[in-house]
Amino acid sequence: MMSNVKKKDVPLISISLVAILFIAAALSLFPQQSADAANAIYTFVTRTLGSAVQVLVLLAMGLVIYLATSKYGNIRLGEGKPEYSTLSWLFMFICAGLGSSTLYWGVAEWAYYYQTPGLNIAPRSQQALEFSVPYSFFHWGISAWATYTLASLIMAYHFHVRKNKGLSLSGIIAAITGVRPQGPWGKLVDLMFLIATVGALTISLVVTAATFTRGLSALTGLPDNFTVQAFVILLSGGIFCLSSWIGINNGLQRLSKMVGWGAFLLPLLVLIVGPTEFITNSIINAIGLTTQNFLQMSLFTDPLGDGSFTRNWTVFYWLWWISYTPGVAMFVTRVSRGRKIKEVIWGLILGSTVGCWFFFGVMESYAIHQFINGVINVPQVLETLGGETAVQQVLMSLPAGKLFLAAYLGVMIIFLASHMDAVAYTMAATSTRNLQEGDDPDRWLRLFWCVVITLIPLSILFTGASLETMKTTVVLTALPFLVILLVKVGGFIRWLKQDYADIPAHQVEHYLPQTPVEALEKTPVLPAGTVFKGDN
């Protein structure tokens with residue numbers, strides 16, 4: 001049938017490009033007005049809905065853990081064996097879910113918490129320092145990955161089990177609510193996704209370029225200016241354009257393996273050549289404090305204070321993760337065919353959390369060691385010279401510091417390319433109508449989005465538009481995505497009840513529910529004029 005033919009959604013692509021350029025122009029031409037408006041809306045939203053966001057993220061974690069431990073965890077997402085090895089699979093969705101700027105935060109984030117801690121801890125105190133790594137573990141840990149997991153499970157079930165068309169937000173909303181994916185509401189949710197994705201990627205790319213050029217300047221003496229930053233962006237763009245053209249199997253899979261091993265070996269070497277005992281004790285202590293204070297961290301609203309830490313960190317982070325859920329869900333769906341629900345859950349919330357904790361734990365603990373021993377005053381460098389310089393100085397303080405800095409920059413540029421490749425895939429999937437299981441978006445469309453998400457950040461960097469304003473704007477898109485996620489959760493629970501409620505636990509793994517389309521195809525067509533008994 002014609003309606004099943006895969007084709008590019010030209011109207012959506014055109015509208016999204018116009019909207020993205022309009023927003024970029026507004027941020028560049030009216031920086032102060034844009035910042036004031038975005039900050040006012042953000043403050044209002046986080047003050048009125050921040051507590052609800054905290055509760056919902058905690059409930060999301062509870063729901064995915066229930067699914068993993070119930071009979072529903074054995075549901076297989078599509079027929080056949082998994083397409084990728086477990087390690088490649090883990091590396092790919094970590095690259096999809098984390099931007100390359102994670103490497104920046106993995107070294108410097110603790111210093112922010114030390115200066116402005118949560119839980120009403122005194123700033124710059126020993127307790128603030130002790131809780132700085134646990135707060136990184138909390139904001140990059142199980143709760144955050146649970147939001148990705150929940151969105152990914154629903155999309156994967158929609159695509160691989162229910163066999164619905166459309167690897168996009170509009171496709172799944174149409175399957176749940178009956179809203180036409182090509183109607184105004186379907187177009188609107190896809191448009192929001194494309195705009196938010198370009199905005200989020202722009203922030204990640206510009207932060208990465210600034211960190212990379214600062215480190216490159218320290219290594220080679222090259223100037224830290226727009227020309228060098230533009231070269232870095234174009235270099236990463238060239239890498240991921242080539243990777244996207246080759247495809248997931250030969251492109252992104254290889255890049256993600258390089259990133260995964262690099263992000264593991266780098267902190268491992270720091271652990272070996274650095275103060276091993278201190279780093280180990282710091283990580284174990286941070287795990288203990290995170291576990292002990294998890295509920296308080298999750299639900300800390302600071303009712304007797306101004307609540308600024310919760311709004312500016314915890315709620316901000318949860319909204320930031322939620323704004324990424326649609327794209328991550330699409331990519332995890334693409335690479336998870338043949339996996340069980342519980343595999344996806346444990347892979348995302350445990351595998352990814354352990355990876356983040358290892359990187360953050362080692363790198364932050366080393367930076368703290370250098371701080372308390374008077375080698376580098378990281379908080380002061382952060383305030384006076386910027387986070388990029390702080391990261392560079394921490395790495396250069398290692399034995400063979402230039403080699404470590406070079407390795408760090410190498411991992412960062414490949415991380416950026418692999419993340420952009422995954423993002424380009426999800427944008428191409430969104431702008432492809434009637435994409436079905438086993439299909440991929442056209443490679444020319446993937447390449448088109450690769451070029452777009454290279455040039456837009458470059459123009460933002462050139463015009464000097466405020467990244468903070470853009471960051472706030474992107475986070476605000478999480479609100480409609482949160483509503484959409486709640487709708488998807490309701491539909492997902494309904495599907496599970498319809499398809500598996502009456503199936504015994506030992507049969508769930510091998511049971512394939514009959515989709516509405518399959519049921520219709522199997523309905524016998526009777527000759528015209530057939531009269532049933534009792535029809536009079």
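Quick reminder: no glycine exception, Cβ is built from N, Cα and C everywhere.
Bear in mind that TrEMBL entries carry predicted annotations, made automatically and left uncurated.
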Stretch carrying transmembrane segment according to TrEMBL (options 284-304, 473-493): 473-493
Contacting positions for the transmembrane segment (89-107) when only residues 6+ beyond its ends and CB under 8 Å are counted: 82, 136, 140, 145, 148, 152, 200-201, 203-205, 207-208, 211, 248, 252-253, 255-257, 259-260, 263, 324, 327-328, 331-332, 335-336, 339, 347-348, 351-352, 355-356, 359-360, 363-364, 367, 387-388, 390-391, 394-395, 408, 411-413, 415-416, 418-419, 422-423, 426
Of 47-68, 315-332, 403-426, 447-467, 473-493, whichever stretch has the most CB pairs under 8 A to the transmembrane segment (344-363): 47-68
Contact between the transmembrane segment (315-332) and the transmembrane segment (447-467) (3 or more Cβ pairs under 8 Å, separation 6+): no
Top Cβ-contact partner of the transmembrane segment (473-493) among 47-68, 258-276, 403-426, 447-467 (pairs under 8 Å): 47-68
